[in-house]
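Visitor: According to TrEMBL, the feature domain 'Major facilitator superfamily (MFS) profile' maps to 16-444. Taken from TrEMBL, the feature transmembrane segment covers 50-70, 82-101, 107-128, 140-163, 169-189, 224-243, 264-290, 296-315, 327-347, 353-371, 392-417, 423-442 (among others).
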Amino acid sequence: MTEFKDGLPMPRRLWAMAVLMAGLALVSWDMAAANVALPDIATDLNVSPGLVVWVMIAYTVTVLVGILPSSAVAERIGFRQMYGLGSTIFMMGALACAFSTSFSMLLIARVVQGIGSAMLMSLFGGLVRNIYPMRQLGLGVSLSSLVVGVLAVLGPAIGAFIIELSSWRWTFVVYTPVCVALLFGLRALPDVPRTSKRFDWLSCGLSMITFGLFVVGLDMLVSNLVWALGFLGVSCVAGWWLFRRAGRQEAPLVPLDLLRIRPIAFAVSASLASFASQMSAMVALPFYLIHMLDYSYGQVGVLLAAWSVGVASMAPIAGWMSDRYRVAILCIIGAGLTGAGLIWTVLMPLDSPHYAMLAPMVLSGIGVGFFQTPNNRAMLAGAPRRRSGAAGGLQATTRVLGQSVGTALAAIAFQLGGDNGPVVSISVSIVCALLAVIINVVRHFNPTPDLQL
């Protein structure tokens with residue numbers, strides 16, 4: 001099938017985007033809904049709450065260490081083939097989760113599911129880059145952000161509804177028809193040209209050690225400082241070796257060649273700060289709203305949904321604007337609104353009714369939506385088309401890494417802050433949002449133009 005130099009023609013573009021958005025919805029739904037199932041999993045498999053969180057940790061670590069190797073493999077075997085393989089492995093892992101009879105079996109199944117998820121996540125950015133023409137790339141990125149925003153709201157609600165009607169196992173079974181539909185839709189995806197370069201197995205192993213031990217070390221900083229420092233030390237050594245090796249390669253597994261492109265380097269730095277800000281806030285807000293403001297769980301659910309509604313509603317507008325205006329200005333506004341919403345939140349009187357918190361929550365969400373689409377567009381548009389797979393993998397890795405850093409910062413804030421831990425964690429989130437603003441101010445005044453404009 002003939003491919004096109006600047007995006008797919010209509011109506012094939014619509015079919016390709018439908019397949020991509022279904023896969024994105026699948027992964028986003030799983031990450032949002034699995035958290036809801038943790039209490040039932042702990043009861044059914046007779047494990048402690050402290051142990052059951054490894055259902056999420058095992059999945060997150062697997063996704064993080066798998067994204068960059070998956071994007072490198074995809075550039076060699078083809079995006080379509082990787083999308084089909086990822087969908088199949090994700091489905092097998094989900095079914096294994098559903099039929100797990102022990103906690104250890106469930107953890108192994110979640111690792112398998114995480115491998116499939118990493119394969120899919122490594123492709124989303126690169127596929128958008130090849131589905132849409134450059135002049136409409138912001139639209140494609142905004143639709144992806146819209147799906148993530150909507151599923152962030154609906155995922156936990158759908159998961160809770162399924163558990164209410166049956167059991168936690170069905171939250172994994174329901175992925176099967178979506179995965180089957182993805183397999184039938186593969187032909188709609190663009191068949192991106194492949195590279196003939198050999199796969200770098202040593203860099204793959206170093207990448208897994210670097211990112212895997214980094215996340216585990218961050219998670220253990222509060223609970224076991226000695227082991228945490230050991231893991232972080234090994235991660236730093238492996239990372240030093242990995243980056244030295246990548247610096248001598250033309251198209252390395254860790255895309256240092258892309259990070260040398262200044263607009264992409266700015267986008268990655270700002271994205272790390274932004275996702276760290278979001279995750280630190282998401283960890284802290286339930287504790288702040290429940291324990292310090294005495295809101296009910298239902299009221300907190302409404303407020304967090306308001307944040308996600310702000311993200312989803314702003315994504316299409318930001319997509320339209322990102323095709324017309326400079327990235328730095330839009331990102332300064334977005335990160336600034338996020339920080340302003342969080343400052344507004346902590347300055348509200350402790351006896352404020354829950355509906356008074358809707359405005360700062362929506363404002364923060366609008367800021368996130370206004371930031372993500374232009375910044376992600378810059379990351380994808382700044383890369384050569386032949387490296388679109390690596391750019392997509394870099395985008396996904398940056399997101400997961402930023403979220404992991406944000407979670408660790410929140411844990412440290414809770415440990416150091418005592419009873420005021422939630423406020424300290426939200427303050428950390430504000431600082432990260434401010435850092436994203438500063439990075440984009442530097443980007444705006446840098447003489448190198450944004451490559452996508």
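Cβ atoms here come from the backbone N, Cα and C positions, even for glycine.
Nobody curates TrEMBL annotations by hand; they come from automatic prediction.
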Visitor: When you scan the chain for residues with a C-beta under 8 Å from the transmembrane segment (392-417), skipping those not six or more beyond its ends, what do you find?
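Guide: Cβ under 8 Å, 6 or more out: 60, 63-64, 67-68, 70-72, 121-129, 211, 214-215, 218-219, 221-222, 255, 258-259, 264, 268, 271-284, 287, 376, 379-380, 423-425, 427-429, 432.
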Visitor: Under 8 Å, at least 3 Cβ pairs, sequence separation 6 or more: does that hold for the transmembrane segment (50-70) versus the transmembrane segment (423-442)?
Guide: no
Visitor: At a Cβ cut-off of 8 Å, and with pairs 6 or more apart in sequence only, do we get at least 3 pairs between the transmembrane segment (327-347) and the transmembrane segment (107-128), yes or no?
Guide: no
Visitor: Pairs of Cβ atoms less than 8 Å apart decide it: which stretch in 82-101, 140-163, 224-243, 296-315 has the most with the transmembrane segment (264-290)?
Guide: 296-315
Visitor: Residue list, the transmembrane segment (140-163) vs rest of chain: Cβ under 8 Å, 6 or more residues beyond ends.
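Guide: Same-chain residues near the transmembrane segment (140-163) but 6 or more away: 17, 20-21, 24-25, 28-37, 40, 124, 128, 131-132, 170-171, 174, 301, 305, 308-309, 311-313, 315-320, 322, 365, 369, 372-373, 376-377, 380.
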Visitor: Summarise the model's confidence over the domain 'Major facilitator superfamily (MFS) profile' (16-444) as a mean pLDDT value.
Guide: 87
Visitor: What residues elsewhere in the chain lie close to the transmembrane segment (423-442), defined as a C-beta under 8 angstroms and at least 6 residues from its ends?
Guide: 266, 269-270, 273-274, 276-278, 280-281, 283-285, 287-288, 292, 327-328, 331-332, 335-336, 338-339, 342-343, 345-346, 367, 371, 406, 409-410, 413-414, 416-417
